[in-house]
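Below is one structure; the comments refer to it alone.
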Amino acid sequence: MKLKLAALALGAVMAAGPAMADLVFPSLSYRTGPYAPGGIPFADGYADYFTLLNERDGGIGGEKIQMPECETAYNTEKGVECYESTKGSGALVYQPLSTGITYQLIPKVAADGIPMLTSGLGRTSAKNGAVFPWVFNFPANYWDGASIAIKHMLDLNGGDISDKKIALVYHNSAYGKEPIRTLEELATKHGYELTLLPVDHPGQEQKSQWLQIRREKPDYVIMYGWGVMNQVAIQEAANIRFPMENFIGIWWSGSENDVVPVGEGAHGYKAVAFHNVGDDYPLYDDLKAYVFDKGLAAGAGDQHGSVVYNRGVYAAMLVAEAAKAAQEIHGTAAITPVMMRDGMENLEMTEEKMTALGLPKFGPEFKVSCENHGGNGYGAIAQWDATAGEWSLITDYFQSDQEVLAPLVEEDSAAYAAENGIEPGC
Amino acid sequence: MPEQLIWGMEVFLNGLMSGVLYALVALGFVLIFKASGIFNYAQGVMALFAALTLVGIMEGQVPFSHLINAIFGTEVHHFGWHVPALLAILLTMVVMVAMAWVVNQLIFRHLVNQEPIILFMATIGLAYFLEGFGDMMWGSDIKKLDVGLPQGLNPFIDEVTYNIFGYGFFIDNLDIVATVVAALLVVVLVIFAQYSKQGRAMRAVADDHQAALSVGISLNFIWVMVWSLAGFVALVAGIMWGTKSGVQFSLSLIALKALPVLMLGGFTSIPGAIVGGLIIGVGEKVFEFAIGAPYLGGATEIWFAYVLALIFLVFRPQGLFGEKIIERV
């Protein structure tokens, strides 16, 4: 009897788990909790792109894709549990949509030999592949975002912002504090005055911060927020009649979720972006034909074309391209996490490739290398049109200030290497 | 007048206004605790559920549409109509009363005479259930709530203060509305509790539910009534906070702002909730302005509210307006 039960249990496990040759891309999603409005569209986009590859191309290089989803509720402990429970399934790469989870996973992925991609989030100095061989953060990171916002201000002011006052309204967490050093270094270079305004989680009450902004009258406000903090900040800015075109959020403060609840008051608000917006791309035709119309869309199927949905699609597309590169390098379709890492380290995204994938002018061109896991640090500025109810890019992609950022990455990664006894090398 | 003093006055006024918003949430806790001795952990989630229901009704959203579509393969999302705000508020209130009845029938009538900690644990369960139920019923996307309340700078106050001080104060119109609504709510609740038959019955149940039962007061009716009243207060809080930040899951976290208010004002006093809210609102805003932002790097409001409440607790454990604790041996 016991033997039968054991055989049944084994059978159930084998049926539930992926076939050994499948390519496994776990999704550490958050469809519940206070940050679910951001987690849901990303998870849907991530899943739909892989479904498209399975339905249209039969997977990647003939290997079917499995995507086990694990709910983290944006909770760091749950995120680590999800990692531990899915890594044994042959996981090729992780993309936790959370800086807190990322920080916990950095030593774990290095020990387990599984690559991790943290596009636009996580530990910025992980860009230095010599110190963080298993972590990637292309095409842009938090510091790039801060620098791109400052460069945009420079462009608007004829290259001189030495007489300007800039306030940073930030989520009082590891994530929100990321750009502070960069903005301080850039303040030294460009001579602007920087004011720091932390907002505690969840950020529903920001009266003090915005009264201070009203009193001190900064010329520009940069925001590193997430969740309800974004909507409240934009509403408060509208309430005090702060000029929206001078209010610039990072990409995590630049989705429909952040501006729609504010209505007309959010018109003109800007955000830094590392990918394009909308659904006017050939890829969406394929998504419609192979995924949406077949009833295979993830979630409720109501997020298509939104900013964060597109980010999920883009995230899946980048790792899928890295998997193709890995298959090519190693001459096998059934790649391992170690091979996947090689693919990521040799990834090159060109406009020609993006066009072939059905996403022309969607993301910046970049090339990854052993030393550079973060790409070239290109971003653009998006602006919200409340009347049309849509975001649009108002600039081309331009590069962050590498003259300032490169030494910061070097310094921070060297400190991490020293703390953890890592011998940098490629 | 020194600039700092003028700014301090603006901060003080805004603190009062914020305090009113905190008090609106605290009122729901007080009502239920006063009548049944239950600390209702689910009060914040009730505000979220009420606001979700209100927006859903106003927008003509089909409840459980995601579930229906997933099971039956349909594509229904909206009924195609828009319900006026006032009617939607009334319909939401009907839903909240129905919820109060169900909560009482399924949970609390079975827990009469149980220890307070058991009742408290039941409300934790209720909170998690309601959170998931609301999500399943109305979806988890962020919804704009517009019942026609004014929002943004009040030009009259701005102009008057500018003429007096040479600096126009910022007072949010929504905060002014919240203040008026909270004042009306307190007056109505106090009159109801003191002078109506049901209000007196509620107080009798609160004092001694067995004695109340012996004179023919229906415990079930009183508890349903109290949960309905708390549902109404949750709806008002949900409207105010939902207008401010959009209706979304985070709305349930406003309960965090009510806890120090309750510690300070007492769990059994309706005016205490208001006074506690005002003290917390002013205290945290003035501290942030005078000490937090210039010397401590800012973001002191959340923890300072609790420190302030704890200081009061040391001197008055029952809160400012709570009933005095007398233990006889």
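Placement of Cβ uses the backbone N, Cα and C atoms for every residue, glycine included.
Over in TrEMBL, the protein carries these features:
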type     : residues  : note
TRANSMEM : B:12-33   : transmembrane segment
TRANSMEM : B:45-64   : transmembrane segment
TRANSMEM : B:84-104  : transmembrane segment
TRANSMEM : B:116-134 : transmembrane segment
TRANSMEM : B:176-196 : transmembrane segment
TRANSMEM : B:217-241 : transmembrane segment
TRANSMEM : B:261-283 : transmembrane segment
TRANSMEM : B:295-315 : transmembrane segment
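Looking at which of B:45-64, B:84-104, B:217-241 has the most CB pairs under 8 Å to the transmembrane segment (B:116-134), the answer is the stretch B:45-64. Counting Cβ pairs under 8 Å to the transmembrane segment (B:176-196), the top-ranked stretch among B:12-33, B:45-64, B:84-104, B:295-315 is B:12-33. Sequence-distant contacts of the transmembrane segment (B:217-241), counting only residues of its own chain at least 6 positions beyond either end whose CB sits under 8 Å from a CB of the stretch, comprise 21, 24-25, 27-29, 31-32, 35-36, 40, 43, 46-51, 54, 89, 92-93, 96-97, 99-101, 103-104, 108-109, 112, 145, 147, 149, 174, 177-178, 181, 185, 189, 198, 201-202, 204-205, 209, 247, 251, 254. Most Cβ pairs within less than 8 Å of the transmembrane segment (B:45-64), among stretches B:12-33, B:84-104, B:261-283, B:295-315, belong to B:84-104.
With a cut-off of 8 Å between Cβ atoms, the residues of this chain six or more beyond the transmembrane segment (B:12-33) that come close are 39-40, 43-44, 46-47, 169-172, 175-176, 178-179, 181-182, 185-186, 189, 226-227, 229-230, 233-234, 236-237, 240-241, 254-255, 257-258, 261-262, 265, 267-270, 272-274, 276-286.
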